[in-house]
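**Student:** Below: one structure in structure tokens.
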Amino acid sequence: MTELSLGSSPPEAAADGVWLACIECGRTLAPFDEPTYRCPDCDGLLEARYEEYPTFEDFSGRGVWRYAAALPFESGVSLPEGDTPLHEVPRLEADVGVRSLRVKHEGMNPTGSFKDRGMTVGVRVAQELGVDRLACASTGNTSAALAAYGGRAGVETLVLLPAGKVAAGKVAQAALHGARILEVDGNFDACLDVVAELANMGEAYLLNSLNPFRLEGQKTIGFEILESFLAEYDRYPDRIVLPVGNAGNTAALYKAFRELVEAGALDEAEVPMLTGVQAEGAAPMVEAIEEGLDDTRRWEDVETRATAIRIGNPVNARKALPGIRGTGGTAVAVADEAIVDAQRTLAEEGVGVEPASAASIAGLRKLRESGTVDDDEDVVCLTTGHLLKDPDAAAAAGRDPEPVPNDTEAILGHLAE
Ligand SMILES: *Cc1c(COP(=O)(O)O)cnc(C)c1O
Ligand SMILES: [Zn+2]
């Protein structure tokens, strides 16, 4: 994992031991002087850097802000978020056939997805910058989280959604939490292009995962998984399987592990293998891993029922590809039918997730069948959003209601059929 080292002597631009660095050319920038999303020299992605990286002993409290020692601030606009369950799924574990399988259910965050972890930190940074309008492009969950956290902070929020392609629960959340919703006649990637332009013109502060501080919040998923798994099993998981859209989470988890290695809190050999799962109809990251590319090719036409990962141009690919490779992980594409099947299986074991989240389980299954994942592995699958986010998908995947007469005898007869 030398490829993306976290060299830690603070440049002049640093503020309280925090700065931004370009992952391509190494240029360093002041973190909170003005909104900055990409390197002014080479357009590369930026990453938050710290003078010091904490060890597990430096963490206290609960939720995202338990990890304040690894974040740019001590506290932020909080609902609160994080501290999500690491479910046991014994039937699925036996069926998949691994040493252990746990499901980290990020759908249990305040607005029902892991995006809340990024927003609590991102909105705190927005306050530091003194901006008066927040914006994002979204396949849905980012808009719900931004609307809630922006509303909580009392700042105007603007969300750009691909018209007709966002699950009902997510639009409802963004609307009720008070965002202005702009429905764009185009896909998610087009929405992101537009909102990035608005941000560059100074019209709004961008809170997509291109924003490096979003990923700082999401990094805490990695810390939580390691701490919970260690507490229960006295070891770390071998592999973390997660759905991939813009690849922000993949990049964020990798950063969490690099920081712990840098701090001497984790051995390189203990870092879990990051394993990304995409839908077959939207799989540029899988293509890049399979073909050994340094960056993804933009897929113009993407389609999947897992709308949260219906993304053809993953903005964080240059951070996430080294994460998958550097940890010895892999990436795999799954069919929509396999996603729906996994969603149903999880739900029958009591864990309700939206389709994109179930991709992690579908991907694990496929990798077990191909022998890529061994039967002696300890695996954590990340489920990113709650079942109720996409009620239409849930209704389609679940059983049909059975019409019966308003009569006990008739109902008994029906049940006996
Ligand atoms: C945002 C989102 C993803 C994709 O995460 P990335 O960090 O963009 O790869 C996956 N699942 C759900 C439910 C999401 O909301
Ligand atoms: Zn640069």
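Each Cβ is built from the backbone N, Cα and C atoms, and glycine gets one as well.
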**Student:** Among T384, T408, which residue does TrEMBL annotate as binding pyridoxal 5'-phosphate together with N141, G245, N246, A247, G248, N249?
**Tutor:** T384
**Student:** I'm validating the feature mapping. Which of 2-27, 54-79, 210-235, 392-417 is tagged region 'Disordered' in TrEMBL?
**Tutor:** 392-417
**Student:** In the same chain, which residues outside the set N141, G245, N246, A247, G248, N249, T384 have their CB within 8 A of the centroid of the CB atoms that define the pyridoxal 5'-phosphate site?
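**Tutor:** Residues close to the pyridoxal 5'-phosphate site, other than N141, G245, N246, A247, G248, N249, T384: F114, S209, P243, V244, T250, A308, I309.
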**Student:** What same-chain residues lie close to the region 'Disordered' (392-417): Cβ under 8 Å, and 6 or more beyond its ends?
**Tutor:** 167-168, 305, 340, 343-344, 347, 352, 354-355
**Student:** Give the distance between the Cα atoms of T384 (pyridoxal 5'-phosphate binding site) and K115 (N6-(pyridoxal phosphate)lysine), rounded to the nearest whole Å.
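**Tutor:** Rounded to a whole number, the Cα-Cα distance is 9 Å.
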**Student:** By a simple count, how many Cβ atoms lie within 10 Å of the Cβ of T384 (pyridoxal 5'-phosphate binding site), its own Cβ left out?
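**Tutor:** Excluding its own Cβ, the number within 10 Å is 31.
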**Student:** Any idea what the model's mean pLDDT is for the domain 'Tryptophan synthase beta chain-like PALP' (77-385)?
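**Tutor:** Overall, the domain 'Tryptophan synthase beta chain-like PALP' (77-385) comes to a mean pLDDT of 97.
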